[in-house]
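As recorded in TrEMBL:
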{"type": "DOMAIN", "residues": "1-207", "note": "domain 'Major facilitator superfamily (MFS) profile'"}
{"type": "TRANSMEM", "residues": "45-70", "note": "transmembrane segment"}
{"type": "TRANSMEM", "residues": "77-97", "note": "transmembrane segment"}
{"type": "TRANSMEM", "residues": "103-125", "note": "transmembrane segment"}
{"type": "TRANSMEM", "residues": "137-158", "note": "transmembrane segment"}
{"type": "TRANSMEM", "residues": "170-189", "note": "transmembrane segment"}
Amino acid sequence: GIGGAFQYGLQISIINSPAEYIKSFIRETWLKRYGSSPSEEMTTLMWSFVVSIYSIGGLLGSCSAGYLSVRFGRKKAMLFANFPALLSATLMGFSRLCGSFEMIIAGRLFSGVCGGLALNIHLMYAGECAPRKLRGLITITASTAIATGKFIGFALGLREVLGVDALWPILMAANALPALIQLLTLPFFPDSPRYLLIDKKDKEGCI
C-alpha cells in the first residue's frame with residue numbers, strides 16, 4: 001500500500017499546511033517577473049490551480065489504470081505509477097530554487113496521475129493476489145493506507161517538522177520517499193494470478 005493508496009492519502013492532506021507559504025511564493029515570483037504585485041484574485045486563481053489540478057491528474061491516471069494493468073500487468077503498472085510521483089516531487093522540490101510556481105502546478109498534476117493510477121491498481125492487485133478467505137480483509141487495507149497517508153501528511157505539515165517557510169518545498173516533495181521504497185521492493189513481489197491466467201494465458205505461472 002505504501003506506493004498505492006498511501007500516495008493518494010498523502011497528497012490529499014499535505015497541501016493544507018504550506019498554503020500561505022505557497023501563496024506568498026506566488027506573490028514574490030510575480031513581483032520579480034512583472035515588477036508589480038498580483039491582485040488578490042490572481043493569487044487565489046493560481047492557488048486554485050495548485051489545489052484543483054490534482055483532480056485532473058487523478059482523472060487521467062484513473063482512465064489509464066485499466067489499460068496499463070492489462071497491457072503490462074498489475075505489478076509493472078504499479079511500478080510505472082512511481083515515475084509520475086518522482087517527477088512531481090522533483091518539480092515541486094525545486095520550484096522555489098527555480099523561482100517558478102508553474103512547477104508546483106505541473107508537479108501537482110503528475111502527483112494526481114500517480115494517485116489515480118496507484119489507488120486503482122493497488123485495489124486490483126491486492127484483491128487478486130489475496131487468498132480467498134482473506135480477500136475482504138486485504139482489500140480493506142487500501143482504506144488503511146489512505147488514512148495512514150493522510151495522517152503522515154498532517155504530521156509532516158506540523159511547524160515542528162516541515163511546516164515552515166524554509167522547508168515547504170521538501171514537504172511538497174515528500175512523496176518521493178514512498179515511491180522509491182516501492183521501486184526497490186515491489187520487483188520482488190509476484191504478479192497477479194488473475195493477470196497471468198486470463199491476460200497472459202500462463203496457467204503454470206498462475207498456479
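For all residues, glycine too, the Cβ spot is worked out from N, Cα and C.
Because TrEMBL annotations are produced automatically, they should be read as predictions rather than curated entries.
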The answer for the transmembrane segment (77-97), taking Cβ pairs under 8 Å and residues 6+ beyond its ends, is 3-4, 7, 25, 57, 61, 65, 68-69, 71, 103-104, 106-111, 113-114, 117-118, 121-122, 125, 168-170, 172-176, 178-180, 182-183, 186-187
Taken over the domain 'Major facilitator superfamily (MFS) profile' (1-207), the predicted model's pLDDT averages 93
